[in-house]
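Colleague: Copied straight from Swiss-Prot:
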BINDING   HIS83, HIS182  heme b b562 binding site
BINDING   HIS97, HIS196  heme b b566 binding site
BINDING   HIS201  ubiquinone binding site
TRANSMEM  33-53  transmembrane segment
TRANSMEM  77-98  transmembrane segment
TRANSMEM  113-133  transmembrane segment
TRANSMEM  178-198  transmembrane segment
TRANSMEM  226-246  transmembrane segment
TRANSMEM  288-308  transmembrane segment
TRANSMEM  320-340  transmembrane segment
TRANSMEM  347-367  transmembrane segment
Amino acid sequence: MTIIRKKHPLIKIINHSFIDLPAPSNISSWWNFGSLLGLCLAIQILTGLFLAMHYTSDTATAFSSVTHICRDVNYGWLIRYMHANGASMFFICLFLHVGRGVYYGSYNMIETWNMGVILLFAVMATAFMGYVLPWGQMSFWGATVITNLLSAIPYIGTTLVEWIWGGFSVDKATLTRFFAFHFILPFIITALVLVHLLFLHETGSNNPTGLNSDADKIPFHPYYTIKDLLGVLVLLMAFMILTLFFPDILGDPDNYTPANPLNTPPHIKPEWYFLFAYAILRSIPNKLGGVLALILSILILALMPLLHTSKQRALTFRPITQTMYWILVADLLVLTWIGGQPVEYPFIIIGQTASITYFAIIMILMPIAGMIENNILDLD
């Protein structure tokens, strides 16, 4: 009798994706983040669904409904904080996943990589709209500042902003549509994730050496299901410690004050995972220039296959580019710190220097380092 998982039209797809999938025998824990992101997405959709049952997307009651969830709904406080901190865990996994892709040259799988960049934009858009929903001070002013950036687009900017707002300011219409988009986008993201996996399984996974691993494959189950399970346990432990012991550590105290259009907070800043991009935006005095730099700071990932000059795929055996890579990581941490600081000396100049360094490393220094390493190889 043939095994059902190999013959059933639906189970067969799952089998080829998660059970009998040929995987390289040497992939490290850096390859765990794909499954962890899937877990984060599932947690966010599930907790979000329960929050949506009690939330009201009206400016008069939104803040109160979130308070009601935390105080009156059974385990509402847990669901709310799981959802808020789940977003942070999602972005930690995302950044590590992208960082792994850059380090090991996974961007050479162009379709998979570009789908990943689209996913990153979609997740960032979803998180931004979600942050607006509690209708606290930072929700309101964050929405006002970020949507206002679109007014920098020549000719159609102002019309576009008013169209997104549904009026002449961020108000009831804006909140309602943001809730609608925030609800539907995770399901679109789930569909895009399936396309991301489809493209990945066309080529097979990369590995730490960057070499072809067709001659040395092992089945995904049980080897990598067990390995992923360890990652899941570590993530869930960190997640529950964060949620149960330090639920507000990554949030902004200003968001516990109801939105007030007449009172601007002293420092308007987004959630921690957007601070690096926010720092790049603020480092350019020109509005349109800042918006373009902001978009390019993420879109530059899509250019990485074009900027690859090395004969080797991964950075495993490339010490010069490795140095550039870790300087880039440090630079992103500096940008994250600067994004949360006020716009004054010396933070302005540090932010501008870090922004220039960010683009210079990716667009100039890493490609040059790749060419130098090629020449060193040719000398042998």
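Numbers run from 1 along the shown chain.
Placed from the backbone N, Cα and C atoms, the Cβ positions cover glycine too.
Provide an account of the burial state, proximal residues and distances for the features listed.
Modeller: Sequence-distant neighbours of HIS83 (heme b b562 binding site): residues of the same chain at least 6 apart with a C-beta under 8 Å from its C-beta are GLN44, THR47, GLY48, LEU51.
According to DSSP, HIS97 (heme b b566 binding site) is assigned to a helical segment. Neighbour list (HIS97 (heme b b566 binding site), Cβ cut-off 8 Å, at least 6 residues apart, same chain): PHE33, GLY34, LEU37.
Under 8 Å, Cβ to Cβ, and six or more positions away along its own chain, HIS201 (ubiquinone binding site) finds HIS16, SER17, LEU21.
Long-range contacts of the transmembrane segment (347-367) within the same chain, counting only residues at least 6 positions beyond its ends with a Cβ under 8 Å from a Cβ of the stretch, are 279-280, 282-284, 293, 296-297, 300, 303-304, 307-309, 321, 324-325, 327-328, 331-332, 334-335, 338-339, 341.
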Colleague: Determine whether the transmembrane segment (178-198) and the transmembrane segment (226-246) share at least three Cβ pairs under 8 Å, counting only pairs 6 or more apart in sequence.
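Modeller: Contact between the transmembrane segment (226-246) and the transmembrane segment (178-198): absent, because fewer than 3 Cβ pairs are under 8 Å.
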Colleague: Check the transmembrane segment (113-133) against each of 33-53, 77-98, 226-246, 288-308 and return whichever range has the most CB pairs under 8 Å.
Modeller: 288-308
